[in-house]
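Participant: Mind looking over this structure? Questions follow.
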Amino acid sequence: MDAEGLLASAAINLGLALVALSLFSLLKKQPGNAPVYLARRMAAGGGGGGLPLGHGRLTPSFRWIRAALRLSEDDVLRRHGLDALVVVRLFKFGLWVHFACLCFLSFYVVYLLHKEYKEMSSRRIAHLKYHRKRPDQFTILVRGIPLCPDHGTYGCYADHFFSKHYRTYQSYHIVHDIGNIEALQKLASSLEDKIKRKRETRRCNFWKWIWFKLTLEAIDTHKLEEKLKNVHHSIRLLQCENMLKRKELPVAFVSFKSQLDAAQAAEMQQHVNPLSLVTTYAPEPPDALWTNLAIPFFRIAIYKLGVFIAAFLLIVFFTIPVTAVQGIVQFEKIKIWFPPARAVELIPGLNSVVTGYLPSMILNGFIYLIPFAMLGMASFEGCIAKSQKEIKACNMVFYFLLGNVFFLSILSGSLLHQIGESFTHPKDIPSRLARAVSAQSDFFITYILTDGMSGFSLEVLQFGLLTWHFFKAHSIGHCEQPYLYGFPYYRVVPIVSLAVLIGLVYAVVAPLLLPILVIYFLLGYAVYINQMEDVYEITYDTCGQYWPNIHRYIFLSVTLMQITMLGLFGLKSKPGASFATVPLLVSTILFNEYCKVRFLPTFLRRPVQVAKENDDLNEAEGMREGDLDHAISAYKPPWMRPTNFSPDCSSVQPLIRSV
């Protein structure tokens, strides 16, 4: 890529970012757009906001960036949880790392990793103490429960076993295979919505009236109510005690009056057969994936194999767009192989746009779809919690980006030759990597520009959602329901971690990337603080379990940087520097092993010492019986909640209340 292509990419991305951010600052001030830009606040009952005319409502401003930067980490932790703080600190980490790249990079990164791991460990312990009355701290999940020999039920066996072996055992809640009750619940909600819209047809605008005439005219309200009654009756039958007894699964949530016993029960082997009474920490009640609790152990291994095969096929398929993108970057070779491509040069400036902006735009477009595909694959692995599923998707996305975006981008063009040479001459891998990395510096500069300037700007603008909201408001009527979605950790964490990796690898090879990355992390920090405050809902809090994954991503980044520099020193005929890099690489690997021993167990388990301190604090404060009862009642699935149906309120009240 030439200088003109790089300038064209920078100009297009900066221009698009300025336009998108200006539009966002204008549109956010309009009350009608509150369901898009203030979804979280509306859902929390904070109102839609908006400014009256004459108060800057029609002029763009960037005060939201100043407000985002002023929000303290303690406020983020209090409002959104520790996982949200992990994402925020990830952005801060990439700012400071790339400032430090100009000096002793490796030692400073290792120092920061140790500092962050220590900080997040202490914050996790403090977070566990602060939320010591949360139901999941008193509850464990038990799978593989044997049948009671006397009564032939799973619940009876669980009750006898834990009451015999644990003094503070409180109660259990057995999990049932409820079949299609969720589908019936969704059908009931759909019927209620149709009845409500049918009754509101007379009080709507012209276009909404036309829409209802085309879709709901042939539907009789009386028939809908009769069908809703039948669905309600079916749900009642599935919820009856006799039916539930026949649908018991060998899975139960078991609660204790003591966090100490809960922690010990979750960590210890309960039965002489390790496949019986398998205990783990219970997820938060809103975090639980109830349908996956019914999956037997032997199926999980099959599902994991299927997901691995699907991910491998996706990686193979993704080589096509990556290779095509690199073909556009190497436009000079294309003109030699395919002379008609020279027609692009006939239009002034088009060659710079094609080689400078188009490749990174195409690549980012494909990358945008990857997190959703990986999340869908992770859904089939049988994870018991949404957080587990998203952490799994987060790992899959990062390693996919590492292999298909980073390595495949720098090796494409002569991919098979490079791989063949690497296998036949493994000692030449560092020098080949250094040569390939140096050749692709311009491409990754444009990638960071596109992902940061355009990507973050379109994220805060919410262009797709805004378009859909505009279409609905001007066709079937204005919608007051907020578009509330959970924070996309599985999308944000791996993509930002890839930017950290690119920055570390290119810190010395392409110093021009450093100021661009500083802007990237600053803008991303402001954008996602704004999204956490106003748009996304924090649906769960794993008490910082994303951090060990982020640490591993950054460790791989430092290792790749050192291997690349090892090869680069060899290319520059500096054997002394190459040999001096080897101990640095070894010390980095040893540091990672130290972190596994020193910090990682804190994130995988809950220390007994902390559990005992929490019990003492609860006892000193006078733990109420209602708090203990809540620990097990919180784990009743939505379909076990009582129904509240009547013909008069069927169109307003939900058929089954959610947890």
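Glycine residues also receive a Cβ, built from the backbone N, Cα and C atoms like all the rest.
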Participant: Of the ranges 397-416, 517-536, which one does TrEMBL list as transmembrane segment?
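Facilitator: My reading of TrEMBL: the transmembrane segment range is 397-416.
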Participant: Please give the average pLDDT for the domain 'CSC1/OSCA1-like 7TM region' (304-569) in this predicted model.
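Facilitator: Mean pLDDT across the domain 'CSC1/OSCA1-like 7TM region' (304-569) comes out at 78.
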Participant: Sort out the residues at least 6 away from either end of the transmembrane segment (7-27), same chain, that have Cβ-Cβ distances under 8 Å to it, and list them.
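Facilitator: Contacts of the transmembrane segment (7-27) (Cβ under 8 Å, skipping residues fewer than 6 from its ends): 33, 36-37, 58-64, 349, 352-353, 356-357, 360, 445-446, 449-450, 452-454, 456-458, 460-461, 463, 466, 523.
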